[in-house]
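Chemist: Have a look at this one before I ask anything.
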2 protein chains.
Amino acid sequence: GSSKKAEPAPGLAWFGSSKKVEAPGDDLPETPRGPRPWKAAAVGGGSWGNTVAMLIAQNTAELKDWDDEVKMQIFDEIVLTEADMYGIRELTSGSSNGTITLPEGGFGTKLSEIINTDHENVKYLPGVKLPEHLKAEPDMEAAISDADVVVIGVPDQFIVPTCAKMKPFLKPSARLILLAKGIEFVNDKLLPVTEVVAHELGFPSAQICCLMGANIAKEVAFGQFSESTLGCRNSDDLRWLEPIVSRPFFRIGTVRNVEGPQMCGALKNVVAIGKGIIDGMGMSSNTIAALMRIGMKEMQGFIL
Amino acid sequence: GSSKKAEPAPGLAWFGSSKKVEAPGDDLPETPRGPRPWKAAAVGGGSWGNTVAMLIAQNTAELKDWDDEVKMQIFDEIVLTEADMYGIRELTSGSSNGTITLPEGGFGTKLSEIINTDHENVKYLPGVKLPEHLKAEPDMEAAISDADVVVIGVPDQFIVPTCAKMKPFLKPSARLILLAKGIEFVNDKLLPVTEVVAHELGFPSAQICCLMGANIAKEVAFGQFSESTLGCRNSDDLRWLEPIVSRPFFRIGTVRNVEGPQMCGALKNVVAIGKGIIDGMGMSSNTIAALMRIGMKEMQGFIL
């Protein structure tokens, strides 16, 4: 493993919590990392998963310790492109006897082929130019088996089956960065999704990190200034992973626990739904300010 | 003084800080209060001062320990009402030789007369029906000399001259509730405006309270759900004053210090200006979320 003990970038202190929450994990012995160049991969190619995979690919291209190529495992949907639809129209208008003949395999193109040829995720991130070294890969083994870091970008409800699919191919030293927000209830106790992942993979908890923020994927994908929080129990991992997630327009705050960001990531949605209700009721900015302030205090009270 | 030691209303805990900031003042001997019924008054009749005076008048009408009548000292501006303007038009159109004769005293009506006759502050709260027992009173002595509590609703820059005008007429036992947000720099040190007021009036600091929130006056005046924070050093005063400020649509959180709310009241405007800049630059909701979160952490770091 790396014994580099680089200090966090100066800008980080500005984003850091004034009150550091200490958590188990930092006292753990360093878990081993594979030799350089390290390799990053992603699982899930929805709008947020693809966006984070893109940010990481932008970083790996700039960081010499990292392999440029980032593979993104996606469930290969068939997409009807404009060309496909023109094809249907031509066939339909050309059929004189009322029947049309389908091409072999039916209409449509695999999303992975579109991403790897046109470098655009036309289904989940239309209009965003993806780096050429971000490769869509339907096969799980090919996608993640050589990865030192895997971003898991599938929705909460698919976490458990996704872990089952990943488990046979993961390096034991791999770190996972979880994007899904969610809290499970197990025996009436709150269980953060990172713990579910650790349990499903049979990995030490300290190897499961999370990235959480209040962000709309498309805005990040189009480079709007945003910020998010990376949580790792192990401070060495935090310093290792921060540079591949952070971009100049996507500032990363760091915390040395995974429970806090996950609780915030889940609970903020309760406040956000309240905001929607207030808007729908035609209520005003004072009410929104009240909801935000009290909502944040309630989140804080719930978490701390 | 009252020795009633009522617990805060159950709803309050919900709004209260999870981390109580203790401040000097609570150990002070109780300062005396005048005999019941207590009397509330206001100084300043701008949109926010008038709104708070109105909330207090709504409460005094419901609370038997308080005199219904609330006098509001205002600088008596001359307002051109619609009737005045029709008068000008008639005079102008009726003048055949090109000259018009002004009525004695000129055109216009005193704002205090309009408020006391029509129960509407046509200049600063047009469209809001004021309680009849909220009386505009240009004379400072008549307005405040019998008041047990005076709300000071003038802008920050007029606080010192306003205190000079108030000083000869205040009861020594009177509590002041300051609405102005501002921090003075005295000898390179931050001085909350409550301290400036205490100094100018020669009053003990514990008698100067503050009411601060992120509110647009007009929205409160029209009964939109809002919340605000009442700060008093003395917890007995806090319990005494909370019921005359709080309304069902205007929920009051309470803190036992005056510095925190004032710092928040002033610093939030820095973040609000940032929000305006972000809007003006056409940036998006992620950026606003980043500004809000980081801005609040910076405020917290600055204050605590």
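The backbone N, Cα and C atoms fix where each Cβ goes, and this holds for glycine too.
Any TrEMBL annotation is an automated prediction that lacks curation.
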Chemist: So TrEMBL lists B:GLY44, B:GLY45, B:GLY46, B:SER47, B:TRP48, B:GLY49, B:PHE75, B:ALA217 for NAD(+); which of B:PHE158, B:PHE302 goes with them?
Modeler: B:PHE158
Chemist: Cα distance, B:ALA217 (NAD(+) binding site) to B:LYS268 (active site, proton acceptor), nearest Å?
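Modeler: A Cα-Cα distance of 16 Å.
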Chemist: Mean pLDDT over the domain 'Glycerol-3-phosphate dehydrogenase NAD-dependent N-terminal' (B:40-235): what is the value?
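Modeler: Value for the domain 'Glycerol-3-phosphate dehydrogenase NAD-dependent N-terminal' (B:40-235), mean pLDDT as a whole number: 91.
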Chemist: Over all pairs in B:GLY44, B:GLY45, B:GLY46, B:SER47, B:TRP48, B:GLY49, B:PHE75, B:PHE158, B:ALA217, the listed NAD(+) binding residues, work out the largest Cα-Cα distance in Å.
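Modeler: With B:GLY44, B:GLY45, B:GLY46, B:SER47, B:TRP48, B:GLY49, B:PHE75, B:PHE158, B:ALA217 as the binding residues for NAD(+), the largest Cα distance is 19 Å.
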Chemist: Which of the three DSSP states, helix, strand or coil, fits B:GLY44 (NAD(+) binding site)?
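Modeler: Note: B:GLY44 (NAD(+) binding site) is coil by DSSP, not helix or strand.
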Chemist: Work out, from DSSP, the number of helix, strand and coil residues along the domain 'Glycerol-3-phosphate dehydrogenase NAD-dependent C-terminal' (B:258-303).
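Modeler: Helix (H, G, I), strand (E, B), coil: 41 helix, 0 strand, 5 coil.
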Chemist: Quick one: what's DSSP say for B:ALA217 (NAD(+) binding site), helix, strand or coil?
Modeler: helix
Chemist: With every protein chain in view, how many other Cβ atoms are within 10 Å of the Cβ of B:GLY46 (NAD(+) binding site)?
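Modeler: So the number of other Cβ atoms within 10 Å of B:GLY46 (NAD(+) binding site) is 18.
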Chemist: Count the other Cβ atoms sitting within 10 Å of the Cβ of B:PHE75 (NAD(+) binding site), across every protein chain shown.
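Modeler: For B:PHE75 (NAD(+) binding site), the count of other Cβ atoms within 10 Å is 14.
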